[in-house]
Amino acid sequence: MYTPTRRGFINGVDKVANSVIFAIGPVFIVLAIGLIGMATLTYFTVVFPFFYQWDDDYIWTKFSYYAGLLFSIYMVVCIFFHYYMAIRTKPGGVLNAGTAGAESDPTLQGLFIELEEYQEFPKTCKKCHLPKPERAHHCSVCKKCVLRFDHHCPWIANCVGHFNHRYFLLFMTYLVLSCFYFVAVGWKVFLISLDFEQEWDYWMPRPYMALTFLLAVAIGIALGGMCSWHYFLVLTSQTTVEFYNNQYAKRSAQQKGEVVYVNPFDLGCLNNLRQFFNVGQNYKYPIYTIFLPIPISPPGNGKIWEKNSMHYSTVHDDISDDTD
Ligand SMILES: [Zn+2]
Ligand SMILES: [Zn+2]
């Protein structure tokens with residue numbers, strides 16, 4: 001049990017930590033751009049010329065050279081585009097809905113009217129005292145409620161929420177794929193960079209190659225894990241916060257011997273994926289747009305969410321139980 005003073009102390013430490021995360025936000029972004037930039041430079045000055053050797057006599061080498069160049073540039077553009085969009089896109093506040101929610105009334109009264117249509121008494125946030133739409137959570141770093149809040153990410157100095165989660169996930173995806181690719185085509189020249197008996201006539205000095213390679217391995221593994229985790233969340237239509245809440249709800253439902261808890265927002269793997277990327281059947285954009293570095297907003301305003309039929313049937317059961 002916490003005593004009031006200990007709780008006060010922990011809250012104080014929390015507040016300081018959150019303020020520090022908020023203040024040093026730009027430092028992480030500069031660091032990330034610096035590291036990705038260095039890796040890109042190493043790739044184009046060492047790995048690329050090593051792996052794609054130009055030979056006038058063979059059509060095939062010329063073709064693979066240009067194909068490799070095009071692919072490499074495409075990956076770099078996708079990484080930086082999605083990184084930029086993840087940083088610059090507002091995740092969605094409760095009052096200022098962000099890009100796709102422009103049609104929403106930005107006043108408090110407008111928000112209440114919007115939510116009252118779906119819930120009799122919209123919940124209120126205990127920290128910012130504004131109405132709290134379903135799936136919204138309060139970010140203690142940004143000090144406001146964020147729509148479909150996932151987590152606050154210091155690497156983008158922004159919350160990951162309704163309007164930028166797509167960019168965040170695609171950024172991770174392209175970065176992880178690039179790390180694997182870097183390792184796959186760069187491991188031979190990495191070994192050469194360690195062997196001082198072999199010649200080194202690349203523009204980038206050996207230590208940079210060695211360092212970038214190790215970085216690609218580390219980031220590939222660490223971010224690969226996180227990226228897979230986020231795909232799991234997308235496929236099951238949960239945010240990181242909701243995952244823990246749902247685990248708790250499942251456990252308490254089991255303990256009470258009730259019907260298994262159903263995540264109301266789970267529309268089935270494929271539909272969850274379509275909804276997240278806003279592509280394919282019933283959604284706005286064609287599937288190939290996932291592969292294009294273009295701005296695409298998620299469907300809906302992030303305040304009101306479609307529920308599955310299982311949810312409605314359990315809600316109905318609850319109501320009939322109450323009336324019995
Ligand atoms: Zn709040
Ligand atoms: Zn935040």
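Positions of Cβ are set from backbone N, Cα and C atoms, glycine also.
TrEMBL entries are annotated by machine, without manual review.
As recorded in TrEMBL:
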- 120-247: domain 'Palmitoyltransferase DHHC' (DOMAIN)
- 20-51: transmembrane segment (TRANSMEM)
- 63-84: transmembrane segment (TRANSMEM)
- 167-190: transmembrane segment (TRANSMEM)
- 210-234: transmembrane segment (TRANSMEM)
Under 8 Å Cβ-Cβ from the transmembrane segment (167-190), and at least six residues away from its ends along the same chain, one finds 36, 39, 43, 46-47, 50-51, 75-76, 78-79, 82-83, 85-86, 89, 150, 153, 156, 160, 209-210, 212-213, 216-217, 219-220, 223-224, 226-227, 230-231, 234, 276, 290
With Cβ-Cβ distances below 8 Å as the criterion, list the same-chain residues six or more beyond the ends of the transmembrane segment (210-234) that contact it, or say none. 35, 38-39, 42-43, 150, 168-169, 172-173, 175-176, 178-180, 182-183, 186-187, 190, 193-194, 240, 243, 272-273, 276
Do any residues of this chain, six or more beyond the ends of the transmembrane segment (20-51), have a C-beta under 8 angstroms from a C-beta of it, and if so which? 68-69, 72, 76, 79-80, 83, 87, 141-142, 152, 154-158, 175, 182, 185-186, 188-189, 193, 202-204, 208-209, 212, 215-216
Across the whole of the domain 'Palmitoyltransferase DHHC' (120-247), what does the mean pLDDT come to? Round it, please. 94
